[in-house]
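Reviewing the structure listed below.
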Amino acid sequence: MSAAAALAYTPEVAKATAPIFERMSRVVPAVEWPFHAPLIHAINSLKRERNAVVLAHNYQTPEIFHGVADIVGDSLALARKAATADADVIVMAGVHFMAETAKLLNPGKIVLMPDMSAGCSLADSITGADIRLLRQRYPGVPVVTYVNTSADVKAESDICCTSGNAVQVVESLGVDRVLFLPDEYLAKYVATQTKVGIIAWKGHCEVHERFTGDQLREYRARFDGLTIIAHPECPPDVLAASDFVGSTAQMIDYVGDHRPARVLMVTECSMSDNVATGLPDVEFIRPCNLCPHMKRITLSNILESLQTMEPRVEIDPAVADRARVAVERMIAVGR
Ligand code: 13P
Ligand code: SF4
């Protein structure tokens, strides 16, 4: 029996975790709590013992997002906050490229990735060798890569970006055109927001590419007064049918600031749950597209990685030194 399976929902655990359940009771059924609470309690105790922090992306399930995360946010916030994390150990409740970014920015710290196979269809769509070929084809054109890429790809890039700062990063270079890789739809969106010429790649996010403009029009017809906000990894017809486009953090801020009576967030579906906990006056309409990679991270494997201090993310120092420059350049753009 695993250490996680041996944990029990004792009166002590129930009392210690009651305030945490309160935060997520609108989205986590009470019947599930006795399963989550012992794991949450054990993780939070072990974090203190190990001087560890858990970084969680906005797509994590509510029990991770509200139960054990110390830092939550979009990819940009996680990269920025990883750079200043005051801990010996970072546990990434996200996907592999996020853990690599955290390791690049914290070479001396232990970075744990609870499931090493939590990948990303965008990161898988391009290699360092592809970028070297593109540089031969477009000599002198700077390479901007989305953070949703491997360290190998970042090492071949001039600068990284996220969906939250892509336009700012492209414009910071002071050039007429850039290679913008690998997300084709984010590239197309950025092209609508800047005069800089954008040369794109054919990578897609397997979660966001499934939404369609027709689907959104059907939702509008069914739900009066619906506000639709979308992530720029969606296809152009989806963005055209939306009221606002932004990174996951920008979408959350939009809902918090505008308090629409009804909203549809066109992105991974756990995000609506995470936001809904704090906004009882907003009705969330949820077409549910799950990211299978994000969902590989669970309370059980977070606990196990803190117990065993494995698996650890390591990056070849020669690759890391070059990849770090691209990430640090991105972070400097926002300062
Ligand atoms: P952001 O959180 O940066 O908007 O990215 C979305 C995403 O799909 C991350 O994998
Ligand atoms: Fe990658 Fe899309 Fe999953 Fe984000 S949601 S990790 S971009 S596959």
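Keep in mind that glycine also has a Cβ here, set from the backbone N, Cα and C atoms.
Just so you know, TrEMBL annotations never went through curation; they're auto-generated.
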Among T84, T248 - the residue TrEMBL places in the same iminosuccinate site as H57, S75, Y146, V147, N148, S163, H231, P232, E233: T248
Distance check against C120 ([4Fe-4S] cluster binding site) for the binding-site residues H57, Y146, N148, H231, E233, keeping those with Cα within 10 Å: N148
Collapsed DSSP category at H57 (iminosuccinate binding site): strand
Among C120, N148, C205, H231, the binding-site residues whose C-beta sits under 6 Å from ligand 2: C120, N148, C205
Around the Cβ of H57 (iminosuccinate binding site), the count of other Cβ atoms that are within 10 Å: 26
